[in-house]
Amino acid sequence: MSKAKPNPAKLALRDEISKKIAALSPEEKKRQSEIVYQKLINHPYYKSSKRISLFMSTDQEVDTAPIIDNIRSRGAAAFIPQYAGGRMKMLRMQLGDEEVMPQTRHGIQQHSKEQVRDDALESGGLDLIIAPGVAFTRSGDRLGHGGGYYDKYLAGLRDDPANSLKVVAIAFNCQLVDKVPVDAHDQRMDEVIFAE
C-alpha cells in the first residue's frame, strides 16, 4: 500500500505560517501567549474541565507551561501526548515530569517509554483537549503538522456518542487564516483561542 501523497495546498500553508511565526520576536510570542492564557483560563470549557489534555509547546507555539501550572493549581489533571508506533496516547503528567522528559526527533517533549503514566482513555477519559496546529480558521478548521495524530485521536473519541469532550486550539494571531485546506479525515475544533 503506498503512502498518501501530501496535499500541496497544505504544504504551502504550513510553510507560509512557519515563516510568519519565525518572524515573531520572543517578546511578541510572550505577549500573545499571555493573552491566550488569560482567555483560556477564563473560558467556560476550561473552567468546567477536570481532565485536560494539552501539548508541551516548542518555541514556535503558544507557551503551554503556565497552562500546565494552572491546571495543577486548581487540582485538575493534565495529560500530554506520547507519540509511538504511529499512534498517540494522552499520558498523565506528574510534578517534575517537564524536567526529565526527553524530546522527540521533532523537538517535542514527551514521556519516555520508561515513564509509566496513566493513559487518559484507560483512567476516566478527558473533558477538554487543548490542541496544537499550524493554521486555523475562526470556524474551527485546523491544519496540523501533517502526522494526522490529533485527527485520528479525535475521530476515535468523537465516534462515541456519550463523549461530551470539547476541543479548543490555541494560536498566535498569524496562525489565523480565512481558509484552511481540509480533507475528509480532518477534525474541526470546537473553538480557536488567539490573542487578537
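One is the number of the first residue shown, and numbering goes on along the chain from there.
Cβ atoms here come from the backbone N, Cα and C positions, even for glycine.
Annotations in TrEMBL come from automatic prediction, not curation.
Model, not experiment: these values are computed from the prediction.
Quick look at what TrEMBL lists:
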type: BINDING; residues: K10, L11, A12, L13, R14, R142, L143, G144, H145, G146, G147, G148, Y149, Y150; note: ATP binding site
type: BINDING; residues: M56, E61; note: substrate binding site
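With a cut-off of 8 Å between CB atoms and residues at least 6 apart in sequence, the same chain places F55, P132 near E61 (substrate binding site), listed in sequence order. Cβ neighbour count for L143 (ATP binding site) (all protein chains, 10 Å cutoff from its Cβ): 22. It is 25 Å from the Cα atom of A12 (ATP binding site) to that of M56 (substrate binding site). Cα spacing between M56 (substrate binding site) and K10 (ATP binding site): 23 Å, rounded to the nearest whole number. With all protein chains in the displayed structure included, the most crowded Cβ environment within 10 Å among the binding-site residues R14, H145 is that of R14.
Pairwise Cα distances among K10, L11, A12, L13, R14, R142, L143, G144, H145, G146, G147, G148, Y149, Y150, which the record gives as the binders of ATP, peak at 20 Å. Residues within less than 8 Å, Cβ to Cβ, of K10 (ATP binding site) and separated from it by at least 6 positions along the same chain comprise L143, G146, P181. A count of other CB atoms within 10 A of each Cβ picks out M56 as the most crowded of the binding-site residues A12, M56. Considering only the binding-site residues G147, Y149, the Cβ with the fewest other Cβ atoms within 10 Å is that of G147.
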